[in-house]
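This report refers to the structure that appears directly beneath it.
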Amino acid sequence: MARYIFITGGVVSSLGKGLASAALGALLQARGFSVRLRKLDPYLNVDPGTMSPFEHGEVFVTDDGAETDLDLGHYERFTGVAARSTDSVSSGRIYSTVLEKERRGDYLGKTIQVIPHVTNEIKDFIAIGDDEVDFMLCEIGGTVGDIEGLPFFEAIRQFTHDKPRGQCIFMHLTLLPYLAASGELKTKPTQHSVKELQSIGIAPDILVCRSEHPIPEKEREKIALFCNVRKEAVVAAYDLKTIYDAPLAYHEQGLDQAVLDAFDISPAPKPDLTVWRDVSDRVHNPEGEVKVAIVGKYTQLEDAYKSIAEALTHGGMANRVKVIVEWVDAEVFDTQDVAPHLEGFHAILVPGGFGERGTEGKIKAAQYAREHNVPYLGICLGMQMAVIEAARNVANIKAAGSEEFDHEAGKKRFEPVVYHLKEWVQGNAKVSRRVGDDKGGTMRLGAYDAALTPGTRVADIYHTSAIDERHRHRYEVDIKYRAQLEDAGLVFSGMSPDGKLPEIIEWPNHPWFIGVQFHPELKSKPFDPHPLFADFIRAAKENSRLV
């Protein structure tokens with residue numbers, strides 16, 4: 001039976017609960033324990049799949065096709081444990097399930113209420129896989145006191161009550177604001193946050209206090225006294241130069257030991273932090289630097305491309321270089337020349353996205369990379385834009401475009417080199433879709449196999465002829481244009497096993513130009529960089545010597 005750690009937050013949002021959870025998971029693994037991390041989000045959306053990246057940041061896709069919170073990306077990157085659909089839930093999903101059961105008559109005519117029906121559904125979700133791991137870490141989204149989070153707080157209170165004593169603990173993240181005028185940290189917001197938590201029946205066992213300044217021993221004792229926790233359980237969380245310092249920093253502050261003490265695990269296994277020391281060394285001691293331009297649509301919010309930014313960092317670690325990322329708004333190229341914005345970059349990456357806005361700029365970025373021999377990685381829409389660019393400017397299909405843009409405009413304007421994907425094979429079943437289907441959960445989602453063409457660049461990079469990668473798209477390069485594009489020199493180097501869906505394209509006469517329909521960034525880790533990103537940065541490093 002798993003031990004449960006519930007992670008909550010107070011005072012303000014965006015304190016870093018996800019990173020703290022991921023770092024703690026990594027530290028417990030370093031001591032020989034198995035872990036699984038979960039995220040419970042109070043918002044009423046069923047999942048983040050239809051939410052704007054400006055609202056929510058990126059959508060992290062699991063192998064089994066769940067569209068989840070970006071924190072699950074942190075969980076995977078720090079622990080190496082592949083997330084599942086059962087590791088993420090929202091109020092919307094919980095309420096939807098409860099209402100479906102009510103319609104089926106599962107509740108036998110009873111009045112449906114938040115307590116017990118909604119809270120029971122949350123508790124059932126938390127308990128999934130109870131016997132699979134040593135520790136289950138459950139992060140509650142939002143902050144204590146938010147009205148939409150109350151059912152989740154009540155559910156974890158009940159869950160802890162139902163379990164044997166010592167089976168569950170609570171870890172609460174707060175902020176210690178610093179007043180420059182008086183030159184002191186203020187503990188009152190933390191005290192009030194804990195008081196709010198206690199008022200709903202939850203007493204934190206560990207306090208993680210975010211601070212920009214060292215926490216004096218006197219203040220630590222004060223927090224412990226008024227929040228009713230041991231002094232050793234008041235853990236400082238300071239701002240770091242890189243998130244990959246978090247496991248070592250939290251270990252230095254005693255977080256993992258405080259957790260083991262709270263569970264009365266003694267003697268505690270000693271941690272092996274060799275991997276994280278190596279990661280930290282690679283981040284802090286690069287032997288050079290490369291500049292990568294990300295030409296995207298949501299560049300005002302870096303969290304919209306969180307996994308891509310991290311995967312580039314991982315590629316830098318693999319090559320002992322610092323990757324300097326600059327965000328370029330693709331719409332700028334609608335009215336301005338590409339060259340002044342992209343000159344001096346050692347590589348160009350065009351990420352995924354939806355809608356026509358900014359796509360002409362992405363096509364121009366792909367053209368610039370092709371014509372100027374700049375390493376190019378196109379992901380999802382970035383691959384589609386590279387194919388459209390090749391069709392227009394090399395294969396002489398002047399009206400080449402995407403059905404997505406025609407659907408958005410309500411009229412036919414392009415020859416659809418990229419079309420709406422209406423059916424595909426998933427496992428042993430055929431999946432069908434129509435243009436008018438609901439948006440949520442109707443894309444080609446999750447891990448799919450692909451066959452690589454021997455002798456191609458991607459086959460050399462992967463060192464295999466068969467791969468599986470995660471997808472999130474409803475538009476696809478039309479296979480009927482393959483012959484025309486290959487006659488122009490483009491190579492379709494990766495295909496779905498049935499040979500119907502192009503997964504990877506490349507220009508063989510280019511130093512490094514690859515487009516992939518999937519999202520390789522979702523499987524990259526600091527201690528195991530994705531091979532595409534590692535080789536992309538290798539090519540950028542090589543190009544940096546030529547620029």
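Including glycine, each Cβ sits where the backbone N, Cα and C put it.
These come from Swiss-Prot:
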type: ACT_SITE; residues: Cys380; note: active site, nucleophile
type: ACT_SITE; residues: His519; note: active site
type: ACT_SITE; residues: Glu521; note: active site
type: BINDING; residues: Ser13, Lys186, Thr187, Lys188, Pro189, Thr190, Gln191, Lys222; note: UTP binding site
type: BINDING; residues: Ser13, Asp146, Ile147, Glu148, Lys186, Thr187, Lys188, Pro189, Thr190, Gln191, Lys222; note: CTP binding site
type: BINDING; residues: Ser14, Leu15, Gly16, Lys17, Gly18, Leu19, Asp71; note: ATP binding site
type: BINDING; residues: Asp71, Glu139; note: Mg(2+) binding site
type: BINDING; residues: Gly353, Leu381, Gly382, Met383, Gln384, Glu404, Arg474; note: L-glutamine binding site
type: DOMAIN; residues: 291-546; note: domain 'Glutamine amidotransferase type-1'
type: REGION; residues: 1-265; note: region 'Amidoligase domain'
Spacing of the two Cα atoms, Glu521 (active site) and the residue listed as 'active site, nucleophile', in whole angstrom, works out to 11
Rounded to a whole number of Å, the separation of the Cα atoms of Gly382 (L-glutamine binding site) and Lys188 (UTP binding site) comes to 49
One finds that other Cβ atoms within 10 Å of the Cβ of Pro189 (UTP binding site) number exactly 15
If you rank the binding-site residues Thr190, Gln191, Gln384 by how many other Cβ atoms lie within 10 Å of their Cβ, the lowest count goes to Gln191
As a whole number of Å, the Cα atom of Gln384 (L-glutamine binding site) is distant from the Cα atom of Gly18 (ATP binding site) by 33
Not counting Gly353, Leu381, Gly382, Met383, Gln384, Glu404, Arg474, residues with a CB within 8 A of the CB centroid of the L-glutamine site are Gly352, Phe354, Cys380, Met385, Ser402, Val418, His473, Tyr475
DSSP output for Lys188 (UTP binding site) maps to helix
Pairwise CA distances across Gly353, Leu381, Gly382, Met383, Gln384, Glu404, Arg474 (listed as binding L-glutamine) top out, in Å, at 14
Those same-chain residues, other than Ser14, Leu15, Gly16, Lys17, Gly18, Leu19, Asp71, found with Cβ within 8 Å of the centroid of the ATP-site Cβ atoms are Gly9, Ala20, Ser21, His74, Glu139, Leu173
Long-range Cβ list for Thr187 (UTP binding site), cut-off under 8 Å, min separation 6+ in sequence, same chain only, gives Leu176, Glu219, Lys222, Ile223, Phe226
Leu15 (ATP binding site) sits from Lys188 (UTP binding site) (Cα to Cα, rounded, in Å) at a distance of 17
